[in-house]
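So the structure is just underneath, and the comments pick up after that.
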Amino acid sequence: MKPTRWVAWAINPTGKGMVGSQSLVAYRNPNGILKAYTSPVMGYGTNLQEGNLSFQVPKISADFSNNEMTIFATIVLPKNMTTVSHVWQEGPVRGDNHLGMHPLGGDNVKSMGTLDLLSGKVTTTKGGTSGTLHFKQVHGIINAVSWGFLMPVGAITARYMKVFQSADPAWFYAHIICQSSAYLLGIAGAGTGIYLGNKSHGIQHSTHRTIGILLLVLGFIQVLALKLRPKKEHKYRIWWNFYHHSVGYAIIILSIFNIFEGFNILNPLKIWRLVYACILVALGAIAAILEVVTRVMVIRQRRKIENPETNVRAAA
């Protein structure tokens, strides 16, 4: 393990899982000094503050060598307690020796089991979180496809395809299909997010949640705006366009930011983050090429309108 990580091992004498566990914690600070202490875990929002456990721990120390942290401790358990539920965890050490949140995916959500103190038999359990992890993955995929892919594709379609006369009005319907599909999928993604929030008592991802709610509101406003869209000749159409484009680009920027927030929370394999980044680069490259092509086409069209006589002589 890296020297800037903390480790913890805990016994839960009253149940299973993290809440209620009595933990032994160790980490090495930036000065290389090891610290080992006890910390009762009373909720999911714990910072692993130092405190007394529900049982005695006369001795506790730690050793860090060969990139491995080992905790040594003597614990005095209640009488007749021969089988215990135990959990283990690791996470980053932030500045000022602040212990950061451990990853919420992979092996970090499966680190629990039972320990028979008489036989020494150790049993690892699934921790009852496999279903939640599945919903997290579904939540991430739905929102990455909707807000993170279909929304930008719909915007690209509207901005560049309308320049091609042969694409009118097909570009408009393609734009509506992309954005409507993205918003409907986004609602489904929000539903999985609400489910996960109800299942994860005490775990707060305020930034991710707030941006998600804001995206739903902005998306709904965009849908309403279609009902209020003035005709092209109307004097207020320019202001409607400004509003519609501004909110649309804001949605795309917030969506991409929130998807990477989701990556940080779920902590999937790095390949998924790389794949999505490559998709964004590809969409950006397509948009850049179309920007140049359509700019040239618009300039040529304006010249034809401004200089009709030159066009007639050139044709003759």
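Even glycines carry a Cβ here, placed using N, Cα and C.
Any TrEMBL annotation is an automated prediction that lacks curation.
Model, not experiment: these values are computed from the prediction.
Under the heading heme b binding site, TrEMBL lists H139, H175, H208, H244. Summarising the annotation, TrEMBL assigns domain 'DOMON' to 1-91. The domain 'Cytochrome b561' annotation in TrEMBL covers 106-299. Look at TrEMBL and you will find 170-196, 208-226, 238-259, 271-294 tagged as transmembrane segment.
Mapped onto this structure are the features recorded in TrEMBL.
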| residue | record | Cβ contacts under 8 Å, 6 or more apart |
| --- | --- | --- |
| H139 | heme b binding site | G189, T192, G193, L196, G262 |
| H175 | heme b binding site | G154, A155, T157, A158 |
| H208 | heme b binding site | N258, E261, G262, I265 |
| H244 | heme b binding site | Q222, A225, R229 |
Contact set, same chain, for the transmembrane segment (271-294): CB under 8 Å, 6 or more residues outside the stretch: 144, 148-149, 152-153, 156, 159-160, 163, 256, 259-260, 263
Surrounding residues of the transmembrane segment (170-196) on its own chain - C-beta under 8 Å, 6+ positions past either end: 132, 135-136, 138-139, 142-143, 145-147, 149-151, 153-155, 157-158, 161-162, 164, 209, 212, 215-216, 219-220, 222-223, 226
DSSP helix/strand/coil residue counts for the domain 'DOMON' (1-91): 0 helix, 50 strand, 41 coil
